[in-house]
Each structure stands twice: as C-alpha cells, then as structure tokens.
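**Q** Sharing a structure here in structure tokens format.
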C-alpha cells in the first residue's frame, strides 16, 4: 500500500513539474538530456499541419528537459540560494515557478558555483550593476526576465552534471515564450568626429565624466572591427593613448567599457554562447552591450541528427552531434511579433560567424545600433519574416576567411552581405554599411526548391501556405525610402536580386534612387523595372530577366545598363524617357513586337545640365496605311540659355518617305511632317545637335520605333471559345465567328484546336451593348495551372504573307495585384508579362498584332499564359489578301436561294438610293461621322477589297496621342471607363483616339493611322439590364463647338440623336451633335427600347426656370481631374454647368426624365386635369423643420388615387444616388385600380452636409398605352451641418493650378469663396487622407489656412479650404509687378513664424515650408493677418512617430540632416524657414544655378547660397538666415524666438521709415524730360492695359497649395522679358514722374 502511494506521489510531482511543458516527450540515450518536441508552426503560428501533407521534421524544435528536474523556489519574492532547497555550494539547475515574482537581492550577485541553469516560468528581475554568472537561462512560456542595467556572464556548463544538450542551445539564453528585457540605464553608443589624428569630439554629450576610468572601443571607416584604447578627456573632447584615427574618417561610432565589467549593462561570455528566441517572445534590448556572442560559424552548416526507433517514434536510439548548428547566432529570433533593439552594441564571436542577427517569421524594429563582427552577413532575414524595419544602424563587417563549400541546405548569407533576405519586407533607411561586398542580397526562392525549411511560409503567411508548395510573390519594390544606404567603402554590388524559375511572373522594381554600384539580377521568369534611376560612377546592371522596363532614368558615361551578352539579357525591353551615353549603350536586336525601345543617346557628357528630351512621338511601333501622314515630334527642355542654337536632323532608311522639313532650327520642339507612299517598313532617326557645329557636338540621337506601312486588311476567320460540339456561328457586322475549338492537338479535320490543359468558364460579365458582342465575349478559356501555356492552332492561307491577329480577353481579378499576360506566336514572344490591372472590377482587354507568314505556314500556333484569371473569349484573324473563309461546307444547289435574294437586294438598293439622295443636301456641309460597332473599335469605310465592312485594321483606342489639329475629331473614353489598353507608359489606362485624320494606338503598342470618317447616325448601342457592375458606364455629352458659342437646338439635329453606352465618351465635332444620357435602371427593358428614340416635343416638356432642371451630361469629376487634356470641355463646363445643384433650393431630377415623360402630357400634380390625385406632392419625411443626421434613414409615403373608371399603370423614376445621398423604394411600378387609393413607401439617406431637393418622376398610362400622363413629386430634406460637404453644392468657378497630388479650383460653397482640391487617385492613400484631415480639423490659428470640409464624389477625394485671393508668396518674390517692401516682407515672415510656432507647440512638423506654400491675404503691414501657411500634405505629428523619415519636400529647402539620411525634427522647418528668408530677400531661388543632383552635395558640405552684401547689409536679417540654416540643428533658433525677433526688427524699420526695395533705388530726378511725358504716358497706357489683362489673368491663377505656385517660377523668364520691354517703354516716364513728384 505504501509503495502504491509512493508511486502516485511521484506521478503527481512529475505532472506538476511538467505543467509548463509543451510538445511531446522524447527519450534519448544515456548521457543526454531527454527532449521535448514542438511543431513550431502548430504551437507558435497556430497554422495546422495536415496529416501526411508535408514532412513535419523541418518544423520541429527539440529542447532539453533541464527544467523538469530543477530545484524549485520557496514561496518568497527574494531571490537567494537559501530559497531553493538543496546544497548552495554545488552548481544546480533551479527554477522560478509560475506565479512567483522574484527579485535578486540588491547586495548580491549570482556566483557560478551556485547556479548552472536558471529556468524562469514566473518572473525574475535583476537590478543595477548586479552580475549573473551562470551557464544559461531558459525562459519558459509565460515567464518574464527583466535585466535592468544588470550584467550577464555565461560560463561552461557544470562538469558535475554529465548530461549533454544535443542541440547546443546552452550556454546562452533559450526563450520559449514570455518576455525578456535587457535595458541599460546609461547611453553607451555615441558618434564622434575627428579633430586631430588621436583626438575625437564626441557628439550629443557635454562631458565624459560618467566614463572616467573606462576604455573606449571604436569602429570607423578605417577600422571595421572593434579597436580599444585608453583615453583622457576634457569635457567632450577625447584623446586616445593607444590608437590613431585618420581625420578623413567621417563615420565613427564608439562605446565605453570598464575592462570587461560592463558597468552599464551587457552580456559577456567566457565560452561560446548564443541567444535563441522563439514562441512569440516579447523582446526589448536597449542601451545594452552583447559582446562576443554566437556559435554558428560561416562554414557549412552541420546540424544534429537524431535516429528514432522503428518501434517507438518517441525513442531516440542514436545522436550525431552537429559541429556547426545553424541559428546559434548572437541573436536568433523566430515566431516573435514584438522585437525592439535600440541604441545597443552587438559584437559577434571572436571567430567568424554566419551572421550576428538572424530573423525568421518575426516583426522587428532595429534602430540606432552598432552591429560589428567577422561574418558572412550583418543581418539575415529568412522566410516568413513579415516585417523588419532597420534604421540608423551602423553595420560594420570584416569578411571571413571561411565559406561553405556548397549552397545546399539553405546555406545562404555567407557572401559578405550587409543584409541578406529571403523576405521582401525589409525596410532599410539611413543605415551605414562598412566593409561589405554586397549591400543588399535578396534571394527569392520557391520553397519547394529549398531543403531544410522547404515548407516554411513566407510573407504573406496565410493559413494554407504550409501545404502550398510555392506561392507567387507579390510585386516587390526597392525604392529610396525602403532601401537607402550610406556605404562607406566601395562595394561590389549595391543590390543582388535572385529568383529561381519556379517563382514566375513577378515584377521587381528599383526606383527613385541614385546608384553608384553594380546591380545583378537573376529573374529568368520575372520582370525588372528601373524607374527614376540616376546611374553614376560604377553603376552597372547585369544578369538576366524575362522583361526589362526602364522609365524616366538617366545614366552617365560608363554606367549604361547595356543589353545583350555584355550586360543584362532580356527577352522584352521597354525604354521610355531615359537617356544613355552613346558609346556605352548596346541594344540587343531580337526585340519582340510588344517592346517599345526609344533610348535618348547622348554624346556630350554633361548634356543633362544643358538640354533634356521631354518626350517624343511616336513612342512605340507604329502602323500606317499607304498614303498616310504622320508628324514625327521631339519635345525638348532647354536648361541652359547657351542651347538656343540647336537644330534637328532627320534620317531615314526608306527613300519613299517624304517630309516637308528635313533640318530645322528649333526652340523647344522638333516636328517633321511625313508622308508614306509605299508598303514596307521604315526606321527613322533624329539627331539633336548644336547648330553649325560638327558631329562632336551631338546632343541626342533618337532612334524611333519601326513604322510599318500597309494596305488594308480584310476579315479572314474568327472563333468563339465555347465548350461546344455544335458548329454554331456568331455573326458580328457580317463577320462569322465559329463557336468552339476542339480539344485535340492531332485533330487536323478541324480548323481550330486547343491544347488539353484548359478549363472553360461561362457567363462572363456582359460588357457591351449588342447581343452578338455579348455572345462573343460570354465564354472563355484559361489554363488549369497558373502560368501554363494554352495553345490554339488554327488554319491560315499559306500564300498570304501578312496577317493581323486580334485576341479578346476578359480579366477577372482574384486580388489587388496585376496579372501578367504573355502571348506567343509559333513559340516566339509577342507580348511578355503585360500587366493587367483592374482594382476589383473585371476589364476587357483587346490585343492586336501583326504576323508575317514568311515560311508559308498552313497552320499557326497562338499561345498565352496568365495566372489563371484572364480568359480568352474569342479571336479574329485578318488577311492582307481577299481569301475565302476556311470553313468546309457541303456543296448544295444555291440557285433557288440566290435568285430571290438578288431580287430583294435590288429592291432594297433602289430604296436606299432614294432615301440617301434625299438626305444628301441636308448633310453636304457637315463633316460626316461614321462608326461601326465591333467591340468598341473604329474602322474605315474607305473603299477596299474587304468582302464585308469590317475593320480595315482592328483598332484599339489609346490615351497617349500627341497628334493635334485645330480641325479634328476626338473620341475620348474617360479614365473611369473599363475599356482598358496599354498606354505609352505601359500602365493600363482608359483609351483615347485623337486624329488629324484619325490616329489610333493598339494595345500592343502598334499605332494605326488611317483616314476615318465617323457616322453617328448609324450607331445605336442599346442599354442592358445588369445588376452586376457593368463594364461601361453611361455617358452623354452636349457640346457646343460653334464659333459664336450658341447652344445647339435639338430640332436641328434630330438625326444625330443616339443612345451611347460605353464609357463616358467625349465627342468633339465641327458639325452639330446631340447625345442624350441614359443610365442603367430597373425599368422594363422593352419599355426603354421602345422609348429610347423618342424626344419630347417642346410643348410637352414642362417649363423649367433657369437652374431648376440641370442635366449633367458631362462627367464633371474627370474633366476637372484632367484640365489640360479637357481644356475645351472644362471651359464649357465652367461656363454652362457651374454645378449640378444649381441654385440653392432648386430641384434636380434624374437624367432619364426625358425618357419617362416622352410622348406624355405633363401636368402638375395639383392640376385637376391630371387623372390621378397625389398626396403629398412635397415629401418632407416628417422632419417638421428638424435636420437629418448623416446616415439617418428617413421614410415617407406617397398616396395615389386613380380618378378614372379604368385601371392605370404607374411607373416611377427615383433620384439617382451618389456619394451624398441614396433614395430607395421597393416600388418601381404599380397598378392603380379605379377610385382606389394606393400608397408607395420610399426612404432617403444623406451622407453629407446637403440641402436635398429632388423629384420623383411619375408616369401614368392606360393598360393599352394609348394615353399617358406624367408629373413630379418633390422631395425636400436638409442635413445637419458637418465637415462632410456635398460636392453638388460647390460651384466651381475656375481652374487655379495642378500639382503632383491634386488639382485646385476656386469655388463657391454656400456663398463663401473656397479653394477646392481634388486629390488624384493614383496618389491617394486613404490612411494618409484621414490623418491629414484629422490634422486639419484640429488646427485653428489665424495664420494657418482654414479647413472647411471634405467630400467624396465619383470615388475622388477632395478637400475644401479657405480661399486666399492674392495667391502665394512666390508670385511676390519673382514677378516684377508684384515687388514688395522690406516692411511687407518682415510682416509676412512674422505670420509664418507664428504659424509654425503653433504647429511645433502641438508636436507637428510642416516638412515642406517654401514660398509656394505661403498664401498672401493682405499686403498691408497693419492688417491682422498678412500670410497663411498651407499644404499639410507632408506634415507629420512628431508625437505620433518619433522617427520621421519620409523624404518629401523641395530639395533646395531640405536640411543637411535630412539629405544625410537623418530624421526629421522641428529644426528641419527652421532650416527651410532660413532658405525661405534667403529667397524672399535675395529674390533668387536657393541654388538656382546648380543642377538638381548637385544640391544635396553642396548642402552636406555646408555650402550655403552666398549672401549678397548689398542685399543683406543689415546684419539682423543676415543673422536670421545664417542661424536658421546652420548645419547643427541645435544651434538653430525656435519659431517662438524668431517671431519675437522679427517683431523687434519690424519696429526698427517702421520707425526709420526705410523702404528697402531695390526696384526703387534707381529712381532719379530728371527735369529735362517733361516734354516727353505725354508721349510716354500714351505708350504707358497701352502697356498698362496689357498689364491689367495680365493682372486679371494672374488673379484667376492664384495658387493655393500642393505646388500651386510652381508655374510662377516656371514663367518668371517670360514675365521678366515682358516686363523688361515695358520698363524700357516706361523708363523716361518713370524719370519724369519722379522729377514731378
């Protein structure tokens, strides 16, 4: 009995001991600790592993059971050996149990003879300067270890405990969960600068007294490893006794140590040790020294291997101890989402290591640290690392002598890297690197190709990723804000990007950077984009990519990314707006059809300081019919006035090309009108050079894309991709598309076969307006597996040489990432990785390209590959010859069919001749417009050999057309349209056709020009009913193009009335034109088809006062967002449609009103002749004067009574919903029985501050539809006043300016002048908008621009602010007619300083202080307010994020600490204020004579603009400027001080009545010129009239914010020239006036 009780007691104790344990227990052979086995993903990431789906061994963590048998503490909070049972004189393993909260006795330290291993399941705190000497620490789940200024010293494990940890976690720290904090009380890491060879000045400290008696350890440019010296000091000057630092070393870090005692907290070791963090441990390390930590060397990994019993999976029979365990580093952190390492020093072990820092699936913030050691990498980020933010760290590396012999087993990171990453989410800003061969090495390997952790998830880590072998990566950007290093020594490579072939179709982008080192990429299956890159010094791009895009970049001599064998290899290349040095540029010849390669080659090395190529046309391969005309254009930007003597010369390899201008002197544009006479192709080259100078002074050579000249093509064959065995036909405009291709690669009997790796999809979204077209695009095919080629084989005629192929795709996005589309013909690429983007809505994609059948093929193979979410719906083939359609048919007797058909055709032709003859006279003066519907494309009815009127060439509308003509036709598809093509910058954009005759660009980049006539009367595209989001929104346009501005009359253009459905089409025509808008609705389809062609007679339309009924035929928001392109529609809109709402209180109505009331008798609802009584006829929703809350649903009821003896049918058209309101009702139609009251309910919800005045249109008709009446029911509701504004209530008055992020208009809101800023969607970050608005709402200061409210209209965000009519400060600095006195200048500066002082007191930095963002309200120094600070789009609250590192603002106004990659502080605004003062007084833009790239260098060298002694003779003014732009931020004054100082300065000038205006200095008395006064006055009157006109223009162009005044600076030269002429005319008059005065 006693034996049984004893056993039970042992089991209970054992179970209690193991309450902390997780995982299963594993038994090991004698001499080893038993192990616990944990599946890390299941226990730490909560990601379930499906049985037998993956090999779980790589996911398993084995840790020793040391804590099971450890001695546990008594119930005491004081940590001492007495509180643990057992001998205090032997090394012991002890454990602080769960719930215990122990603190080390302040008078004690832990001696190695007492403790071997300390296990913490409760809480343990060690205080200041206490030393813990022990073998290791194990933090169990839930445990907490706090080391506050304590010292940890690791020693070898006890020799008396003979058991071995097979996985070598100890000595060191092993954390399985809970939290660890290692925090020092004193800052230990400092920066310094050399004064003499052995003297340093230590930054940010006034005295070195706290470190008296210490040694100093130093890392610098010359010493990448730690060097230690004794020192003496005087205040913060440090003189080293054992070390000499060269004065040329600019990056010096130092820390202090007390001969190894680590007085201020740290870890040292007498043996090899490591820190292993897992289990979502919360880790915080700050002001702490980790010295000589780490076990893993840079040799090949050698992990411990376990052999398990075949009978028992929990029994290990043999163990082979690894000699180089991976991840036993200074710090290895995995599965931890809260890690902070700040202002600490991490020194690797004394030998070589793989890396000091290794992270795996963790979120880490590491900043302000020194990481130094002999290692393969300074930091390694593995799979699953969700987020690493590294900033202001100093990574110093000594390359090891040992490297692994094989890259297998995930043996990466040994190459000498700064940061090596297998994760894309690395943010490295302002980090300093010293000694590395490679700064950033990114290796994106699909997991199935990596042994070891081959099934580990990586970002984004989702539930299913563990069982998915390889996920496609999202597009990855390397930009200046994310990867922004400071490299001390030259490196071999700035960036290496590698991806194996399994990771396909991913775009990698390097952008917004100046790069002086090499980049190597291995992206065989992916694309690389270089955007806004400046390559200097040793920049070189090498490697291999599938597609290379280069945009807006400049490459200096010997830095060109040459293409081909000597540089980077790519199958497809896109080069636009980028310059290359002639001798270094090499271009491969095998370019695919979709490539657009237009480099600007230059020979003059500093050409970018004199002249730049702004744009060219055409920018991609161009197709044009024989006899067509084209303007070849090169637009230039002249930087230096020396380059006024330039000429452009055109060269051609085709003698049949004629041009009216072969060599032409130019100012800002070269233009060559060309005519093409014969079939074939031509290559053109334009040379821009200095006039009358030899070839050595060539500025640019531009080789234009190939131009193809062709005759018309005819329709040959078409196929619809249906899963159909029937030989059905879809007829579109007389062209037959056969249904279905057979799935068989060996079926030669069919004219179309498809590879068998496809899947079908049916019922794709209806995207058009014709049943035939809907049927053509209703079904589609794609590959079963992602990125797998689908091949279609179809017949062609072997004798025909030229074909065009047109493919119709529908893209249905599965996420917000673009889908790359690749197309091949006969295994040759046509398009590679064309990105299809559509946010969340499906899009229609039409791609057209040429095929030259030079091998006389009878069959052609067309292949495509996508992610699996883009479907080929149909295809068409066009032939250059008239050939019979290749579909076999049975031979039948056609005579009985042909004879009656011929008779019928003759009769119809006679009728048509009579009909069109009668119409000829009526239209003979009109410009004829002809359109046929094939998708949304235009085609020519020019006589050809086409057997049916189909596209002579299939065309795609494109938005980037640079042809222009004063007499042109333009059809523009709005930016919100879902018709998508590839634009000139290779982004998918809405499309535009704009022609001199007609010019069109295909999605392939091929541009077709042909003489196209468009006939609106033949176009009828019927609306469809679709509850899903349609592809094309309704749009109409009433456009007045007459010279006298008179509006069009509907009666005059009745035959031009059409219903157009297809994406906000803007139509400009010389002739008359009238189009109505009908949006989708829930009415009966047949009803609107019946009513659509009806236009109400004038006597049937209700009489409406001006503003009472205003249709909105123009898409307002898109015209406002593109004021340059839509100049004429914008002018028309501002003139005619000031706003939708018209006058306050007037009623609006639905745009389909005319449809519903057509052919009815309109009567007021109180009219006794109306056969139905309506009550109430004004609905106020029971408010009784109360105002509605936003979001409140307001209900009302309308009752109808039929006064007739027969039933009536009532149809209702409710107001259209928008961003400000929604009107809804369950009733759209009801039957009204005789003499019976019938009621309907409706509700209105308001979402903005608005006065809601709308109408419900009601149509009554008899059941036989022989009689019909219509009336209005009025809706009236008003919301509470909030800061959410209804855009419909804003009256837009005029365009002011456009900046990077938005467009600004002057407007009126509820009788108050306001500035309306529309934010461009491509720059909209909704979180940033909310932050800015939250900031604006809280700012209330007389010198800060007043925030009025916000709005959303048609998906566009807008901000409304106070309007300052006098414009921005820049105008008063740089325009002569606005010169201001010194008193006015000082008064303006006072207001600016007061505003900024207010911002800084509230923890806000402006970050973009410059004259363009200062608005002038008054020039009277006595006014309460003279200036206001605006544009808070770049402001940040410093108390929200302590480290403001987003690089924004104007470079000339950026302080040295920003440009040297430092952080934003309030003092950066002071620096900008100093530059503003300089510009204000000197009337010169800072660094105006320097190129953009030089400014940063000058600022960092502390070279400021020179102060003209004549201008800055007042030392008070010059003192403000020089103190504000001081290199040392701590020496800059505050805005509170500046405000007081400027007020004192204003009194000084005001008292002395000094007018400091250089324009008035030269006025002299001249009494001899009185006789010339009158003549000069006459001339001056004329000049004044011109000036007044200019004043009016300037008043309309006052700039508000967001670069609103940039145009002022750009136009200064022109203004100065005009003013100089004026001043010359007025010179005598001025002298005379002065004399008279």
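Using the three backbone atoms N, Cα and C, a Cβ is placed for every residue, glycine included.
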**Q** Among 876-896, 897-917, 918-938, where does Swiss-Prot put the label transmembrane segment?
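**A** In Swiss-Prot, the transmembrane segment feature sits at 897-917.
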**Q** Cβ atoms within 10 Å, counted per site: which of 1298, 1408 has the most, among these recorded positions?
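**A** When each Cβ's neighbours within 10 Å are tallied, 1408 leads.
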**Q** Does DSSP give residue 1296 (ATP binding site) helix, strand or coil?
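**A** Reduced to three states, the DSSP call for residue 1296 (ATP binding site) is strand.
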**Q** In whole Å, how far is residue 1408 (active site, proton acceptor) from residue 1302 (ATP binding site) when you measure between their Cα atoms?
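**A** With the alpha carbons as reference points, the distance is 16 Å.
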**Q** Cα-Cα separation of residue 1408 (active site, proton acceptor) and residue 1298 (ATP binding site), in Å?
**A** 17
**Q** Express the predicted model's confidence over the topological domain 'Cytoplasmic' (918-1637) as a mean pLDDT, rounded to an integer.
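**A** PLDDT averaged over the stretch: 63.
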**Q** Using a 10 Å cut-off, grab the number of neighbouring Cβ atoms around the Cβ of residue 1304 (ATP binding site), all chains included.
**A** 24
**Q** Just counting, how many other CB atoms are there within 10 A of the CB of residue 1296 (ATP binding site)?
**A** 25
